[in-house]
Amino acid sequence: MGQCGITSSKTVLVFLNLIFWAAAGILCYVGAYVFITYDDYDHFFEDIYTLIPAIIIIAVGTLLFIIGLIGCCATVRESRCGLATFVIILLLVFVTEVIVVVLGYVYRAKVENEVNRSIQKVYDEYNGTNTDAPSRAIDYVQRQLHCCGIHNFSDWRNTRWFNESRNNSVPVSCCKPSAASCTGSLSRPGDLYQEGCEALVVKKMKDIMMHVIWAALTFAAIQMLGMLCACVVLCRRGRDPAYELLVTGGTYA
């Protein structure tokens, strides 16, 4: 009965280490996605610490590659030192992922205040040229999120660019794709996106933070199972030094 339990634990542990490698790739992808998205929306945030959860999750993903290698080698060789190291590292990563979850919730709550505080300034700096970073950021956001202005397209009336251009129009990035002849003129409001960008930017960034939180929670749960299986192998090995090895059945430890 004990032999069956230890063999099952080792089999699950080897399988979990393969999952750790896959998880490492997924976590690095999630972290990189947050970085890329932040680069597109960074003008709407003054606090770069919003990126801390993404930085941590990329570091965790990188570490999981190493953990998977250590775990596989330690499980196959049934090294007490290797398995103990594996459990300790998993515990540290587990704690780190809990921190990611907490920071994710903290910064998710701060997103709305960050956007509210900076979006008006970004729109005021718009000059309509592709060489200007704030202008590129606003045009990108309006096209990607299908929005116009802060709360709606009429907000453009209060910007310096609108007053200087004096053509009673908004940027063409406000035009709907279906309106082929749209020039941004306010005389044809049906050609323009009706929803403002502020709420959509907040929603986008909150959704991204939620992806980070769920990724950290999911792999934290998998790591708990990995630690449990490694502890079972360690405990049984200490009590019964004559059980079969997973790979070289019949050989005694």
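Cβ from N, Cα, C; glycine included.
Annotated in TrEMBL:
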- 12-36: transmembrane segment (TRANSMEM)
- 48-71: transmembrane segment (TRANSMEM)
- 83-107: transmembrane segment (TRANSMEM)
- 212-235: transmembrane segment (TRANSMEM)
Which bits of the chain, at least 6 residues beyond where the transmembrane segment (83-107) starts or stops, bring a Cβ under 8 A of a Cβ in it?
49-50, 52-53, 56-57, 59-60, 63-64, 66-67, 70-71, 74-75, 209-210, 212-213, 216-217, 219-220, 223-224, 226-227, 230-231, 233-234
Residues from the same chain, set at least six apart from the ends of the transmembrane segment (48-71), whose C-beta lies under 8 A from its own:
13-14, 16-18, 20-21, 23-28, 30-32, 34-35, 38, 42, 82, 85-86, 89-90, 93, 96-97, 99-100, 103-104, 107, 110-111, 114, 205, 209, 212, 215-216, 219, 226, 230
